[in-house]
Structures are given as structure tokens and as C-alpha cells.
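What TrEMBL annotates here:
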TRANSMEM  125-142  transmembrane segment
TRANSMEM  162-180  transmembrane segment
TRANSMEM  207-231  transmembrane segment
TRANSMEM  251-270  transmembrane segment
TRANSMEM  282-301  transmembrane segment
TRANSMEM  365-390  transmembrane segment
TRANSMEM  410-432  transmembrane segment
TRANSMEM  452-480  transmembrane segment
Amino acid sequence: MLIDACPQTRRNPHISFPAISLTGGAPTNQSLHPAVGGLDSLELFLHLCRSCEETLLENPSPNAARHIHPVSLSIGIDIMDYELKNRGHVAVERQQSNDGVAADCTQADYVDMRRLGTKQELRRNFRFTSILGFVAVAMGTWEVTLSATAAGLTNGGTGGMIWMFLGSFICFGSIVLSLAEMSSMAPTAGGQYHWASEFAPRSHQKFISYIAGWMSTLSWQCGTFSGMFLLGTQIQGLIAITHDDYSPQPYQGYLFVIAMVSLGLLINTWGAKHLPLVEGVILIFHVFGFATVLIVLWVLSPRNTAREVFSSFENSGGWSTTALSMLVGQVTSIYGLIGSDGAAHMAEETRDASIIVPRCMTWSYVLNGAMGFAMLITYCFCLTDVDAAINSRSGFPYIHVFQTGTGSTGGAIGLTSIILILGIAGATSFFASTSRQTFAFARDKGLPGWQWIGSVHPILHIPLNAILVTYGFTLLLSLINLGSTIAL
């Protein structure tokens, strides 16, 4: 055992070890348990806790969720605190693992993985700046908010979008903080379904965790598809404003989706090793691109009055009340605020994950929320003709605002290109988080074909099969557009 291999915890072998009883049963005798000879009672207690944990992992109880490794946060935290003070325990076991993978693990990372019953198979090559850029770009709040304003303008208007964004940001923030807290306690790629298993009542643990796993996996898969589809249709929108005779066809959008998701596949496989560096660079572009679009709109665009912006509400969707219409249009705000938990699904590839991941989840949400709110207000001030924007040839109101604001098609193409580049980077990051969520759920035997999907490539050290599943799922969902755009 680890605790035997650490010389600083040994006592004088000539001193007898007192027989003790932790449960009121028969005393523990050194002759019956020679591996614990020379340990004090605290060390023996931790030794027994680890033995029980290993037994549970090897022979799970029928009452435990079979797809979730049985772990105990309360005992696990005690063991983690003790082992962090006695670093030799962890160091001995790390030497027995794959040096190439474990080299970037801190003591806290290794203890977390051991407590969660998970083997370290992925490289921890993300640091604070790279994972912050990863999540911030994956959320892409200001870019996505501009791209998805059609629903908000139809149901709610400019005033409805602004107030619903503010309310959504405040309320959704409590969810982000809760997820960040749970990720600090259990930094695993499984994310929500694992935390559901931790905190759910034992009688409902299996059911709640299994449902959470499927919902999380499918929602991330659909999110990847929606991002790729949005990028493809925006490219069609740019073609439409430059060629008056162009008529967008569904199959063309599908081809653009294939191009986008194929690029994401290449970056997440052969370029995976350099992904952290790319994310750090894209974070800078994310901020400077925001500043560029904001300044251009404020300087060049005609503007509405504050009363027109904050007090204008629409119910063009035909709903019974304006309030209900605003709730329907809230999808614009929500679409731009989701995705901060992407950091949690990259936890097994982040150094010091229990500290870095929750911080990045929180800061990326605050940063993106502030930029998204500022961009939304700017956009609403520059949107002088709502009907013309909604019915523009591009199909995207924000492209119409760029065109009227700059006074030229070239200016609109330039500003839209910034959003497209950042959108591709964000969709690629979303692709990565989706594959890790899928990989983790398959690893815990939650998906059909879990042995194949939940495997890690021995050379690339990435969940290659889960990445391929995500690629195929996106292509299949994109076929829906060939039959009916309304179905999407």
C-alpha cells in the first residue's frame, strides 16, 4: 500500500503496535494485518478507508449506480488533505503510471483522480489563461447574442431583449456558481451526471444520474450541431448580400456545416496538442474583436433614442401577452449565456483543476456577460429599422445593421468576418467539451458501445472515438435541414 511505501510515516519497528478497534468490534492485530505495522491510529484509519474505497471500486455494491464509480466526498476529502501533507504517498504511485500523461498532474490533481476512482489518461496541458480562453470563446456571448437576435426582436423587441438579458444573466449566474462549487469538489469530465450521483438520495441515485448523463450528453451534442449550423447559414447570408441573384439552398448550408465540423475535427485531433496555445491567442482576438465592432457601430451608425431602445416591446409572434412573448424571445439571451460548464468537462486536461476550473467558469461568465450586455445595448441603439433588419436578404438582422451602419457591403463583410472567425473557434471549443462529456459518460458505462466510445488513443492521449461520434452526430442532425428548416 502507499502508506507503507512512505518512509517518513514508519515508526521504530521494535515498538509494538497497539491493538485498536475503530468500530467496536474485534481489535485489529498487527499479525493479522502486517501491511499496517508501525502506523499510528490516524494512519491506520486512512489506510482502512483507502482499502474500503478500493474494494468498492473493484466490487461495487448492487445498490450503487453501476455507471458511476462509488466515491465518498466526506472521507475522500479527509484522505486528500492527509495525502497532500504527505506528498510521498502520491509520488510513489505516480511513478507507476504513464509518465507522459502524469507529468503535468499536480499532487491535488492526482489525489482528486484517485478519490474519484478514475485513471489519468488525458494530458493536463491547460492552464488558467488557456482554459479561460477556451470557455470564454466557447460561450461567445457577444457574438452569439448578435447572431441570434431574430427571435428576440420578433418576440420582445429591443426593450424585451435588454431586460430579459439582464434578468437571465443574474438568475443564470446562481447556476454557474453552483456548478463551479461542485467542480471544485469533484473535478471530473463527467460533470453534472457525476455530481448528481454525489448529491442525490441513495434511493434515487442511479436513476437521477443516468437521466442527467443522457440529457447532458445529448444537449452538448445538439449544441455543437447548432453552432456549426449557425456558422454555415451566416456564410450563406454574406453571399446573399454580395450577389443579388443568389438564392440560399438547404443543401448548400449542409455543405458548409460539413466544412465547419471537419475543421473542428482536425483541430481536435491532430491539433489537440496545440489547442491550449490557440485558445490563449483566440481569447485576445475575442476581446479586441469586441472592441472593434463596438467602436465602429458607435462611431458610424445612426442611433435611436434611449426611450426607443429601453421602452420598445414587440409581440409579433402572436402570443397572448407581451410578457409571454418576451419569455419566448428569452432564447436569444440564454443562447449566449450557456456553455460555462465546458470548463468542467475539460477538468481532466487542466492542471490544478479543482482550483482553476471553478475560477474560469466564474470569470468567463462575468467577462462574457458584461461584453454581451454592452454589445446588445449598442446593437439596439444602432437598429433603426427593426422590420427591415428582420426581413433583410442575409437572414440575420445584425448583418443588416453592419451594412447600414458602415454604409457599405464591404464594411459589413469585414465586421461579420470577425464574428465568423470567433464563431469557428467557439464551435471548435464546444466540439471539444462535447466529446469529453460523451467520453466520460461512456467510460462510466452509460452509453451503448461504451467500451469503444470510452477509450483513449494511446498515442494522441485524446478520446478519439468520442470525437468521431460527435463528428458523426453533427452530420446526421444537419440532414434535418434538407427536409425542413422549421424542424430545426
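Note: Cβ is positioned from N, Cα and C throughout, glycine not excepted.
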Contact ranking winner - 125-142, 282-301, 452-480 against the transmembrane segment (251-270), Cβ under 8 Å: 452-480
Selection from 162-180, 207-231, 282-301, 365-390, 452-480, the stretch that has most Cβ pairs under 8 A to the transmembrane segment (410-432): 282-301
Spatial neighbours of the transmembrane segment (452-480) far in sequence, C-beta under 8 Å, 6+ residues away: 100-101, 121-123, 221-222, 224-225, 228-229, 254, 257-258, 261-262, 264-265, 268-269, 272-273, 431, 434-436, 438-440, 442-445, 487-488
Best-contacting stretch, by C-beta pairs under 8 Å, relative to the transmembrane segment (162-180) and drawn from 125-142, 207-231, 282-301, 365-390: 365-390
Long-range Cβ neighbours of the transmembrane segment (207-231) (under 8 Å; 6 or more residues past either end): 65, 67-68, 144, 147-148, 190-194, 196-197, 200, 253, 256-257, 260-261, 264, 338-339, 345, 420, 423-424, 426-427, 430-431, 433-434, 437-438, 441, 444, 446-447, 470, 473-474, 477-478, 481, 488
